[in-house]
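Colleague: From Swiss-Prot, here are the annotated features:
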type	residues	note
BINDING	Cys60, Cys63, Cys66, Cys109	[4Fe-4S] cluster 1 binding site
BINDING	Cys70, Cys99, Cys102, Cys105	[4Fe-4S] cluster 2 binding site
DOMAIN	51-80	domain '4Fe-4S ferredoxin-type 1'
DOMAIN	90-119	domain '4Fe-4S ferredoxin-type 2'
Amino acid sequence: MINYLKSFFLYEIIRGLALTLKYFFKAKVTINYPYEKSPVSPRFKGEHALRRYENGEERCIACKLCEAICPAQAIVIEADEREDGSRRTTRYDIDMTKCIYCGLCQEACPVDAIVEGPNFEFASLTHTALIYDKEKLLQNGDRWEQALANKLHKDYEYR
């Protein structure tokens, strides 16, 4: 009988409208995304980058540990030996459509050459734009070097 009276007097509808009115005047919990951005964690794993030393030489020593540890097999490296006997990469490609952003490549790198940067806005309309070559990765590293160095310095104790 009581359920009949509740439905007769539209109790559920009034209760739902009261809840709507309660939240209508409260502060919004969402952000207006392209115009406002939420803070990003220091350990955020975003777009990949290759770093350089202070003298401008690339850090990658072509050890291929990142290629070996990548569970998605998104990294392809080809290396060549230089005149002084050291090895450097001639090709360093990352297929961002395969990458699962696990960070294992960054953890495996003995010289902190490959890192995951702070950028998460790199959507593209074509598949080929998401296959990063060595030049694109070095450009990313040059663009974010200060932020990447600060991030690695803060995280140094935990590595």
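The backbone N, Cα and C atoms fix where each Cβ goes, glycine too.
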Colleague: Mind checking which residues reach the domain '4Fe-4S ferredoxin-type 2' (90-119)? Cβ under 8 Å, same chain, six or more beyond either end.
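Modeller: For the domain '4Fe-4S ferredoxin-type 2' (90-119), the sequence-distant neighbours (Cβ-Cβ under 8 Å, at least 6 residues beyond its ends) are 40, 44-51, 58-61, 63, 65-66, 68-80, 127, 130-134, 137, 140-141, 144, 147-148, 151-152, 159.
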Colleague: Write down the Cα-Cα distance for Cys60 ([4Fe-4S] cluster 1 binding site) and Cys105 ([4Fe-4S] cluster 2 binding site), rounded and given in Å.
Modeller: 12
Colleague: Check Cys66 ([4Fe-4S] cluster 1 binding site) against DSSP and tell me helix, strand or coil, would you?
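Modeller: Cys66 ([4Fe-4S] cluster 1 binding site) sits in a helix per DSSP.
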Colleague: I'd like to confirm something. Which of the binding-site residues, Cys70, Cys99, Cys102, has a Cα closest to the Cα of Cys109 ([4Fe-4S] cluster 1 binding site)?
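Modeller: Out of the listed candidates, the nearest Cα belongs to Cys70.
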Colleague: Non-local Cβ contacts of Cys102 ([4Fe-4S] cluster 2 binding site) (under 8 Å, 6 or more apart, same chain)?
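Modeller: In sequence order, Lys45, Pro71 meet the Cβ cut-off.
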Colleague: Taking only the residues in the domain '4Fe-4S ferredoxin-type 1' (51-80), give me the average pLDDT of this model.
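Modeller: Mean model confidence (pLDDT) across the domain '4Fe-4S ferredoxin-type 1' (51-80) is 96.
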Colleague: Could you state the CA-to-CA distance between Cys63 ([4Fe-4S] cluster 1 binding site) and Cys99 ([4Fe-4S] cluster 2 binding site) to the nearest Å?
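Modeller: Spelling it out, the Cα of Cys63 ([4Fe-4S] cluster 1 binding site) and the Cα of Cys99 ([4Fe-4S] cluster 2 binding site) are 20 Å apart.
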Colleague: Taking the Cβ of Cys66 ([4Fe-4S] cluster 1 binding site) as the reference point, list residues of the same chain whose Cβ is under 8 angstroms away and which are at least six residues distant in sequence.
Modeller: Ile75, Ile77, Leu104, Cys105, Gln106, Ala108, Cys109, Ile114
